[in-house]
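J.: To start, I am sharing the structure in question, which I have written as structure tokens.
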């Protein structure tokens, strides 16, 4: 793969992603146009592909995704969260405790250093976790591998759960897709909202700001009646593919070999966290008027962007999912440094006597 020219690698990546993405979509798998490129990216990364998605491409994709999310957001989402705040807080604390326990066990029973295990097992915005990990003495390469390995498993599991739980309805939106609709002034207006949000994000220092700031701005514009956001399917497909490739191409052979010694413990940590979040999702359905799929995505420990893409492809309450995911991200980022220090000090393997 390394001997192939960059142009050839891009052509192969694009063609295989189209085949797999639309193949998965034909069997009504949610987020097929994310999962297809992601899987192809993983395979090509492991085979030695040298191409990478430019950071600006990833950021622009998050901005477009933020505008897509904005179409489902409104001030009304705050009402159920405030009315049921004890349960919301319980889920946030439960996720925080599960994350801390997962990181503690991972460091205790593997050769991973404390900060690396703590940041690698934190469920939140994967890119935000990787960015912060280096400032606290963690091995950024292993943190990135753990974060994106979890994103890969969670995204795949969530899509499969949606497909099994909802049947053909899970991909019913794909049937009615109009790929090239007529566009008017609202399309450049939507792009302007995304760009303004992306430019504001670094100045506001909001975690995952390239996604959340356009989502907030877009929600104000959209729900306020000033402009109906216009995002054609072809643009969303490009954004999904760029996000999938960004995640997939990170799985290089060198990183996998570096992580191989602790891979079983990493997988156990990921699956354990997914199981705990699944149980909390079931608990949410018992006390709140939400369906299981909405609850599962709201508590799912995946990346904010990948969960949003899966939610958009299924008939779930997008506003509830994004509100819960955003609250969890902020909670994890606020407590992450203290948790990493605690795990580093107390979770080390006992010294032999």
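Glycine too: its Cβ is placed from the backbone N, Cα and C atoms.
Taken from TrEMBL, the feature transmembrane segment covers 31-51, 58-79, 85-107, 148-165, 185-202, 209-228, 234-251, 263-284.
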J.: Under 8 Å, at least three CB pairs between the transmembrane segment (85-107) and the transmembrane segment (263-284) (pairs 6 or more apart)?
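T.: Between the transmembrane segment (263-284) and the transmembrane segment (85-107), which are separate recorded stretches, there is contact, as judged by 3 or more close Cβ pairs.
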J.: So, taking each listed stretch (58-79, 185-202, 209-228, 234-251) in turn and counting its Cβ pairs to the transmembrane segment (31-51) that are under 8 angstroms, which one gives the highest count?
T.: 234-251
J.: Which stretch from 58-79, 148-165, 185-202, 209-228, 234-251 shares the most C-beta pairs under 8 Å with the transmembrane segment (263-284)?
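T.: Comparing 58-79, 148-165, 185-202, 209-228, 234-251: 148-165 has the most Cβ pairs near the transmembrane segment (263-284).
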J.: May I ask whether the transmembrane segment (58-79) has at least three C-beta pairs under 8 Å with the transmembrane segment (185-202), counting pairs 6 or more apart in sequence?
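T.: Yes, since the transmembrane segment (185-202) and the transmembrane segment (58-79) share at least 3 Cβ pairs closer than 8 Å, they count as touching.
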J.: Can you name the far-off residues of the same chain, 6+ from the ends of the transmembrane segment (58-79), with a Cβ under 8 Å from a Cβ of it?
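T.: For the transmembrane segment (58-79), the far contacts come to 127, 190, 193-195, 197-198, 208, 210-219, 221-223, 229, 231, 235-236, 238-240, 242-243, 246, 305, 308-309, 312, 318-320, 322-323.
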